[in-house]
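**Student:** Take this structure first; my questions come after.
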Amino acid sequence: MMDILNIFLTDSFWAASLRIASPLIFGVLGALLCERAGVLNLGIEGIFVVGAMTGWMAVWMGAGLWTGVLVAALSGALFGLFHAILTVPLGLSQHVSGLGITLFATSLASFTYRTALPQVSSPPRIEPFRALDIPVLSELPFLGPVLFQQTALTWLALLMVGVVWWVMDRTALGVAIKAVGDSPDAVNAQGLSVMKLRIGAVVAGSALMALGGAFLTMSAFDAFFFGMVNGRGWICIALVIFASWRPGKALLGALLFGMFDALQVRLQTEAGALVPGQVFLMMPYILSIIALVVVARKAEYPRALLVPWRKGQR
Amino acid sequence: MIEVVPRENVSRRWQALVPVIAAVVALLLAAIPLVAAGAPVVPAYAQMFKGVFGSVFTFTEMLTRATPLIFTGLAAAVAFRAKLWNIGGEGQLYLGALAAVWVGTGLVDGSPWLMIPLVLLAGAVAGGLGMLVPATLKTRFGADEVVTSLLLNFIILIFVQMMLEGPFKDPMGLGWPQSEPIIDNAMLPQLMDRMRLHGGFIIALVLALVAWVVMSRTVWGLKIRAVGENRAAARHAGLGVNRVYIGVALASGALAGLAGVSEVAGLKGYLTSDLSPGFGYTGIIVAMLARLNPAGVVLAALYVASVFVGADSMSRAMGVSSFLADLTVSMSLICVLLASFFASYRLRFKRAAAA
Amino acid sequence: MDKAPILSLRGLTKRFGPVLAADHIDLDLGRGEVLALLGENGAGKTTLMNMLFGQYLPDAGSVHLWDEAGRERELPQGQPQAAIDARIGMVHQHFTLAENLSVLDSVLLGTEPFWRPFRNRRPAREKLLELMESSGLRVPLEARIGDLSVGERQRVEILKALYRDVRVLVLDEPTAVLTPQEAESLFAAVRGMVDDGLSVIFISHKLREVLAFSDRIAVLRHGKKAGEMATSEADAEIIIRMMVGEDHSAPERVAGKPGEVVLRLSGVSVAPGKEMRPLREVGFTLRSGEIIGIAGVSGNGQTALARLLSGLIQPQSGTVEVAGQPRKLTPKTALRAGIGRIPEDRHQDGVVGDLSVAENLVLERLDAPDVSKAGFLRQRAIAEHARELCRDYDVRGPGIEAEAKLLSGGNIQKLILARVLENAPQIILANQPTRGLDFRAAAEVSRRLLEARARGAGVILISEDLDEVLSLADRIFVMHDGHLRETTSRDRAEIGYMMAGQTGPGAAA
């Protein structure tokens, strides 16, 4: 028991929590933007894969790390645009379109990777983002390793929480996005374009999701391999409900999740002899389901979520 | 400005053509990645065709590949009809396979007449229970079944791995995490000499027929359709919406579970954690290509299986990544979405008067 | 027209498939004028306004405007922004408000540039406070729309238009959701603004209001303008003839012959739910052979009462007795207990649009021997049954195998009537049964309800239309804030005060 309590006192545990949370922060923020505008984006899992692959490949082909991040965001935006066109002007089922995007994006990323690198047996590596190592601050006890020895992408994730919060809570654009996810008629009646707002939100949200993928290949690891996303996208879809579609709570949700994941890894080493390791591997998924069940009844879904809107429909 | 205008009087024949058009378009679009991979296009298509229709063997290989897809396609079609989004076919498949292995590796022994139904039943029950969890979370707590059924896939797969490294591990397996082989009496019979095609295919066809009859001819089918199309009205009419959800969940999960039984007791003989290359997910595509019609599921499964088997063969011959098959199949899904849209609607471009 | 022109619609035409929804309609509006636009449902009022506001592109015709200096120009078509720029505002019958925004955000939506990182809202807030002062329409600025009452939401809609300095304001059925007293104060506020130069198009089908409030009346029928006149020269008889195209006299009310009690509610309370107001200690008895009318502004517990009697929700406390037996109602047991239900939202709760007409007609009795056998549908018998019912109840559409969603609203209601009445239920719950129906379909519904009463059914009629309640009900109840009170009065004003939760003109506001 003492051992478990000790885990919470180590800085490496908290640093790991934040590291694990980082891609999820991107993903939950992305899902938040889409869903606030009224569009469920089940393409998220595939967009993670695409972001992971393209960002990594850009760097592998010689681009700078930040260029890679940009490439990942742009390719995510592209798939987001695809999903947006299918679901917003065409009004197709958001469930089916999203799953289609995930399957399409995953297979396209895998095909491209295999085609570009057919021969390799062990995946080629890139030089990923390094810990920032800010002078003085990173020397601080505890806070140093936890906060100031993270990579730039983790900081970008934290920054994005602020940006998304600012946009949603403090700008007219955010008000319009929230309105379009609640009542597109209200937005249309004011001469604003429902289509543009929704498409824009989905594209921006998808770009964020892709950054979550890019974090995996450019910060957490240094290579791309199949199956590396491993349901992280779906977890974000559960977390955004848990977060009641609020950026602050999204950060909290992702951090809680990161903590549990970091904890299970450590428990695995502590208690690995007693319980099969898989029990711990299951924990993140089980936890996501429990989180979903706990909040499900009182979750206030954006009222127009999943509802296609057509102009001038009688 | 662009207006979306519904088409009037779309004939049923035209509607029926939608998936065909989508499939053809997706196959043609596959030329793009082929070119990108540097393969000669026409020979590649020829090789794909030969890979399926080149011999009796290749053709039965395609049917063998289609078998689990019919099961998972039916699983998705039945659930989606009720708008119960069962995305957990992959996990239910593994549960079915695990149950089949549990029952079929010596827990009981008897003649094939006992063993085969028993193994099928075990797999169906296990799969059904697998979907019962998300369905109950939906009806009791209002938790979105899309996310829960998806996440369960990961949990179940890890659980299967745990079982294969634990109690289900074959002591003779040279340390590999695989189950003991299913006893001969519990194996589904081969349909043709020296071909891998097995009894699972026949069972799949029969179940497609049953599903079609249930959906179009029975009270339960009508209830399922009513719940799917308008849950509020179905509830108002006293159709017992939650019971329909639970029933559909059990049926859908059972069908996916049978896919696992069919694979493990018809083809592989033992269970490993790579039994399915995503049959559960591909089943969703099959169901959508079939526009949720159980009869159409068979045709859609044959098409998807042909793409996989043909692309595999082409891939071996020409060195193009076999992900081409996944790519083509996923493009088919998007094409069928678009095609069904354009079958019911058209876009009207109209210039707004000058401001 | 003696006033300076401000807006003119010329030859506006719109076709939806085979239906000519608007057929060369001309309409002129003068500055500082209230023009009433009358017509049955489907007469083309909404289509016309949607063309004015750029929601629909007209197939033919144009819209002309005069600016302050009296210069004429044409309004670009198909652009909502153009109408907004021209300072034409509309308050829709169904509010277009996002419930998750504050009042201030709702008003400002669409008026602020998107990309400004900081918003200075003080001037906006001050302008809005001034507007509230001058118009008398007051709402708490920081409240969430979702927490406001219907009347308050309407005020927000009007303030939204005023904030944009509209010159022309269109009010679409503004009083449908208001108590008579709320309506009065709305008219007073609008009158004040008209005196300051605002021009108003007032869409309604309530004759009394139109005669009392407008300067001029235009009547639409079947997509055409049927007539136009100064209000001072109009009377109810002429207008009704224009609207309906034939002589129309309200049916004389004949009293029913009440028999034994078929339904008794005592002390029934229901907790509030999503988009549903609570019920508080509601009690009443219903006898066979009578119609009880429940009047009230919607959103005062009618939904809860209807859902309770339909078996969709359970009471927190109190008892429901059907034919003397206490019952727990679910949709299934309600049907079995002989309660026929005509739901408020017929598209949402009444039919499954993607199932066929024939399937919808048997939806509530799938286990009956003439519908199914051993779980299998008896398709031929179902079709036969559907043909019969469609004939008897005059359900018209593309056929019994066609999807129900292809039927018009009136025919969907007839389908539901057929399904409910064929079982000769002892109790009929009719929730807003004529809402949105044209005159003829509404009359048919009323006739069927009276017929059911004559054969001995007890009918609960929930309606916002006080005239309908007065003409059909043997006893009248008023619903306000979850309370249900019976009244012996048949005086509109007195019932109106009860609808507002007051006992009479003297009670505190």
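All residue numbers here begin at 1 and follow the chain in the order shown.
Each residue, glycine too, has its Cβ placed from N, Cα and C.
What TrEMBL lists as transmembrane segment is B:16-42, B:62-80, B:92-108, B:114-134, B:146-164, B:197-215, B:244-261, B:281-311, B:323-345.
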**Student:** Pairs of Cβ atoms less than 8 Å apart decide it: which stretch in B:16-42, B:146-164, B:281-311 has the most with the transmembrane segment (B:197-215)?
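**Tutor:** The stretch with the most contacts is B:281-311.
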**Student:** Take the transmembrane segment (B:244-261) and find every residue of the same chain, 6 or more past its ends, with a Cβ under 8 Å from one of its Cβ atoms.
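**Tutor:** Those are 67-69, 71-72, 74-76, 78-79, 81-82, 84, 86, 88-90, 92-100, 119-120, 122-132, 134-136, 138-139, 200, 203-204, 207, 211, 220, 223-224, 227, 234, 275-276, 279-280, 283, in sequence order.
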**Student:** Are there residues at least six beyond either end of the transmembrane segment (B:281-311) with Cβ under 8 Å to its Cβ atoms? List them, or say none.
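**Tutor:** Same-chain residues near the transmembrane segment (B:281-311) but 6 or more away: 18-19, 22-23, 27, 47-49, 51-52, 58, 61-63, 65-67, 69-78, 80-81, 87, 89-90, 204-205, 208-209, 211-212, 215, 256, 259, 322, 324-325, 328-330, 332-333, 336-337, 340.
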**Student:** What same-chain residues lie close to the transmembrane segment (B:114-134): Cβ under 8 Å, and 6 or more beyond its ends?
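**Tutor:** Those are 75, 79, 86, 88, 91-93, 95-100, 102-104, 108, 143, 145, 148-149, 152, 156, 182-183, 185-186, 188, 199, 203, 246, 249-261, 265, in sequence order.
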**Student:** Excluding the flanking five residues on each side, which residues at least 6 beyond the ends of the transmembrane segment (B:16-42) place their CB within less than 8 Å of a CB in that stretch?
**Tutor:** 289-291, 296, 299-300, 303, 307, 314, 318-321, 324, 327-329, 331-332, 334-336, 338-340, 343
